[in-house]
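Input: a single structure, listed below in C-alpha cells.
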Amino acid sequence: MALRSPKSSRGLSQDPTTRRIWFGIATAHDFESHDGMTEERLYQNIFASHLGQLAIIFLWTSGNLFHVAWQGNSEARIKDPLHVRPIAHAIWDPHFGQPAVEAFARGGGLGPVNIAYPGVYQRWYTIGMRTDQDLYTGAFSLLIVSTLFLVAGWLHLEPKWAPSISWFKNAESRLNHHLSGLFGVSSLARAGHLVHVAIPESRGGHVRWGNLLSASPHPQGLGPLSAGQWGVYARDVDSSSHLFNTSQGAGTAIPTFTGGFHPQTQSPWLTDIAHHHLAIAVVFIIAGHTYRTNFGIGHSIGGALEAHIPPGGRLGRGHQGLYDTINNSLHFQLGLALASLGVVTSLVAQHMYSLPAYAFIAQDFTTQAALYTHHQYIAGFIMTGAFAHGAIFLTRDYSPERGRGNVLARVLEHKEAIISHLSWASLFLGFHTLGLYVHNDVMLAFGTPEKQILIEPVFAQWIQSAHGKASYGFDVLLSSPNDPAFNAGRSIWLPGRLDAIDNNSNSLFLTIGPGDFPVHHAIASGLHTTTLILSKGALDARGSKLMPDKKEFGYGFPCDGPGRGGTCDISAWDAFYPAVFWMLNTIGWVTLHWHWKHITLWQGNVAQLDESSTYLMGWSRDYSWLNSSQLINGYNPFGTNSLSVWAWMFSFGHLVWATGFMFLIPRRGYWQELIETLARAHERTPLANLVRWGDKPVALSIVQARLVGLAHFSVGYIFTYAAFPIPSTAGKFG
C-alpha cells in the first residue's frame, strides 16, 4: 500500500480516521515528533526554514515595490505629499457597480483603487526614492535576493552543505554574527545610505550609482575625518525654514544632535537619524566582539554563567547549569527571542507615532492609526508565543536533576508566590478600576457629575515634567528654567527636543489627565491578568502539588480531560487559549484609548476625551457611537462609500469571532454527534453521495477544537476591532 500523508509519521499515515488529516496538519512543523528525526537534522530543518522565510519576506517586499511602481501614484505624491492620497494598487472586481466604481476611484487613479496605509510611500520618499524607475529597480533587486535565500535554504539541506550540530550550538559565534553582522553592519549600512543618498536627496540633490563615488556628502570631504575634527561634520544644520526635497534652507551637516522635529515634515531630522544609526552600529559591532570565538579573546558565556554564584547564598547555585539548559533547548531560545521581539514590536508601535521617522507620515493620520493597531496586535501574539514555548521547554526539555538549586529551579519552587502575587495585582487593578468607572457612571446617571472620582495622574505628570514638559507647573529638572540640564539642553545637546516636548500639536509627550488614569489601570489589569494566566500555564506545565510531574505519568500532551485526574488544570495549552482571549481584549483597550486620544488631538477637541472618558457611557456614546456613523453607513439601500469594505469586515468579523465560541465551549461528544449526523445526511443525499472519502469522520479532540476556536476568535476579534479605528480615521481625514 502506498504511504499516505503525512510522510513524517508512519503511524499517523495508517490511521483510518480523519484524525490523520488534522493531526498531520497540526504536526507538520513539529519537527521533533517526526519519524527518524535526529537532533542534527532538526537544527538543519529549522535553519533552512529561516532562509525560506527570509525569501518569502523579500518576495513580499518586492511585490509591494512592484505594485506601487506599476499601479500607484508615487511620482504624483512626491509633488504634493500632504494632499495626494497614496495608491496601493488597482482593484479589478466584476461585482463592482457604478456607485462602487465611483466610491473607490480615489487618489487620482483612473479607476477603483486601494489607498495605502502601511507608510511605505513615506518610507521610500524619506530614503531617497523619487521615481517609479527607482521602485522597479528595488523590486527587481529584492527578487534576486529572495531567490538567493531560497537557493541557500535548499542548499543547506544537502548533505555536502548542511552545517553540523556543533556549528549550531556555538553560541558565541552566533552572537558575534547576529550582534556585529546583522545589527551592527546593517545599522552602519543604513547610516551610510542616509548620509550618501537620503540626506542629499532631501536637500534637492540626486545621488545614484552613476555618481555615488563622485558626489561628496560633505563639502570638506574626508579631510576632517582624517584630521580628527569630526565636529566639522555637525556644523551648518538644516534651518527651520528648510523645504524638504529642495535646497531652500538646507545646510551641509551630516550627523547632528539637534532633537525635535523638522517643522515641515514633522519627522525627526534625517541627520539626527543618521547619527543614531552610526552610534548603534558602533555599539553593536563592539558588543558582538565581546564573546570568545575563533581568536581566543573575549568572554565565554558558559564560563561566565558557571562562575555567577551570588555570594549571599540566597540564589542557591546561581546560574550554574543554565548555559547547557538554554543552549540545548530550541524552545527556551525561541521563548527568549519571542519575548524580546514582542517587546520591540510594541515599542515600534509606540515610536511610530511619538517619533515618526518618515517624512510627512505624522500628518497621514489613517496610516498612523493603521501602524499602531497592526504593531500592537502583532506584539501581543509574539509575546504570548514566548510563554507558549517556555511551557514547551519545561514539558519537553527541562531536567529537574541537571538544574537542581539554580535560579531557574528556584523560580519553579516559588511559583505559588509568583502566581498568587499576580492574582492579587490583577484583582486589585480590575475591581478598583471597574469601581471607579461604575461610580462615575452612577453619578452622571443621577445628575451629580461633580461627585465623580477624578484622579490626576500626578506621578506620570511628574515624570513627564522631569523630561521637560512644562505645562503641568512642576518646575522640576528639565522643566525648570533654573536647572543646569535645562540650559545645557538649549545650547549643547538636542536644542530642539524641549520645544517638541512642549508642543501640544505632536504626540511626543501627550498631555494626560483624569480620563487617562482609569483606562491606564484597566490596561494594567488586562496585562497582569494575561501574564497571570500565561505564567501559571507555563510554571505548571509539568505538574502541580496535586501531580508532581505529569511527564512521568504517561499522559498525552497537553491534557487528558477531567476523567483521568484533571490534567487539563495543569496544561499549558489550556492556559494559553484564555490568555490569548485576555491579550486581545487588553490590546483592544490599548488601541481604542490611543485612537480616541489622537482623534481628538487631530480634530482639535481634546476636551471631549478629557470630559467623556471618565465613565463608561462616555466611551460608548462619545467614542464608539460618535465615530461609527460613516462606517455603519458604508453600504445601505441608498448606495455605498469607500468605507464599505471596512463596514463589511466589521460585520463579518463579528460572525467569525462568534463562531470561535462554538468550538471553545462544547465538548468532544457534541462534535462527534454532529459529525456523524452530517456524514449520515451526506451519504443519503442524491448527487452529494457521489463524493466519498476514505477516512472515517471522527470529532476533533478537545485540544484541536480549542485551536480552531482560538483561530476564529482571534481573527474575528481583529477584523472587528481593527475595522473601527482605521476606517473611522479614514472617514474623517482620508
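Using the three backbone atoms N, Cα and C, a Cβ is placed for every residue, glycine included.
Listed features, source Swiss-Prot:
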| type | residues | note |
| --- | --- | --- |
| TRANSMEM | 46-69 | transmembrane segment |
| TRANSMEM | 135-158 | transmembrane segment |
| TRANSMEM | 175-199 | transmembrane segment |
| TRANSMEM | 273-291 | transmembrane segment |
| TRANSMEM | 330-353 | transmembrane segment |
| TRANSMEM | 369-395 | transmembrane segment |
| TRANSMEM | 417-439 | transmembrane segment |
| TRANSMEM | 517-535 | transmembrane segment |
| BINDING | CYS559, CYS568 | [4Fe-4S] cluster binding site |
| TRANSMEM | 575-596 | transmembrane segment |
| TRANSMEM | 643-665 | transmembrane segment |
| BINDING | HIS654 | chlorophyll a B1 binding site |
| BINDING | MET662, TYR670 | chlorophyll a B3 binding site |
| BINDING | TRP671 | phylloquinone binding site |
| TRANSMEM | 707-727 | transmembrane segment |
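The structure, with features from Swiss-Prot marked on it.
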residue: HIS654; record: chlorophyll a B1 binding site; Cβ contacts under 8 Å, 6 or more apart: GLY716, THR720
residue: MET662; record: chlorophyll a B3 binding site; Cβ contacts under 8 Å, 6 or more apart: GLY709
residue: TYR670; record: chlorophyll a B3 binding site; Cβ contacts under 8 Å, 6 or more apart: none
residue: TRP671; record: phylloquinone binding site; Cβ contacts under 8 Å, 6 or more apart: ALA699, LEU700, ALA705
Close approaches to the transmembrane segment (330-353) from elsewhere in its chain (Cβ under 8 angstroms; 6 or more beyond its ends):
42-43, 46, 119, 362, 368, 371-372, 374-376, 378-380, 382-383, 385-390, 392-393, 396-397, 507, 594, 598
Can you say which of 369-395, 417-439, 517-535 has the most Cβ pairs under 8 Å with the transmembrane segment (707-727)?
369-395
Recorded stretch, among 175-199, 369-395, 643-665, maximising Cβ pairs under 8 Å relative to the transmembrane segment (517-535):
369-395
Contact call for the transmembrane segment (273-291) against the transmembrane segment (369-395), three or more Cβ pairs under 8 Å:
no
Range from 175-199, 369-395, 417-439, 643-665 with most C-beta pairs under 8 A to the transmembrane segment (575-596):
369-395
Can you tell me which parts of the same chain pack against the transmembrane segment (643-665), counting only residues 6+ beyond its ends and a CB-CB cutoff under 8 A?
100, 103, 577, 630-635, 700, 705-706, 708-721, 723-724, 726-727, 730-731
